[in-house]
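As recorded in TrEMBL:
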BINDING   TYR34, GLY78, ALA79, TYR84, ASP100, ASN105, ASP162, VAL163  S-adenosyl-L-methionine binding site
Amino acid sequence: MSTLIDPTITESSDAQHTVLLPEDYVKKFDPDEYLQFYFSRDAIEDGTRVSLFALPVFAQLMLQTMRPSERETLLDIGAGPTVYSALCFRDVAKRVHLSDFVDRNLDVLRKWIRHEETIDWVPTIKVINRTEGGPTPTDQVCIDVEEKARGLVKSGGIHFADVHQMDVVPELAGKKVDILVSIFTLESACRNYEEYCKCVTNMMRHLRSGGRFVLGSVLEDDEYNSGRKTIFHLLNLSEQMILDALVSVGLDVANAKKYVLDGEGVMFIMATKL
């Protein structure tokens, strides 16, 4: 499941709050609440999402360093109810696969494919466009961007995923993609570092040698808001722990592109699989 860092300050309370665990996602995660909390027009305008800064930068680097034949397929593991990876990488790949563990999130993605949107993605598209350096897009440009992203997902697919299984995305078992993306997912899915390392190993089975892995991680935090009042557990990870896990599965961390945003407590990295 994908989490994001909220730029707003939520209501504080002296009362002890309940922190939900990875096994609670199926029953307790509310995609509509999550989308409203992070991607509503008011939420987007309150502050730029850090992922919407990093991913377009990585997309541009891929366009510059990978031939079209080397970047045809992209898989997002833990997309949640969001489509921002498809929006950010719309000019990079030809086929985009979105996957998640929670059926309700997959239902939201399928509704988006059918133009039954539960959230207006125009504010997000405008933030992405601003990061890309373009002029403020017109409504028609935003429609075109979303339609292009929607077409890429139609060409790829929407899939169930479980990072704890050897075949994380069963429908893609035995197949390898050119680009693998996972944003703020593993730290919310794992209870300990051993699990985390195993899940990284599982995910790498879906990435070809020479392909790019894009990871967004929360650093040294124990929980996050999935909505105004719902809090989920995070595995507390240091930057070094994450890098060690990536090196262990054959990623070229030494030559990776990395952003560590200390003020936000997050890290984004793009590394090549050796």
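In case you wondered, yes, glycine gets a Cβ from its N, Cα and C as well.
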Just checking a number: largest C-alpha distance across TYR34, GLY78, ALA79, TYR84, ASP100, ASN105, ASP162, VAL163 for the S-adenosyl-L-methionine site, rounded to a whole Å.
21
Looking at Cβ-Cβ distances, which residues of the chain lie under 8 angstroms from ASP162 (S-adenosyl-L-methionine binding site) while being 6 or more apart from it?
PHE101, VAL168
Taking the Cβ of TYR34 (S-adenosyl-L-methionine binding site) as the reference point, list residues of the same chain whose Cβ is under 8 angstroms away and which are at least six residues distant in sequence.
GLY80, PRO81, SER226, GLY227
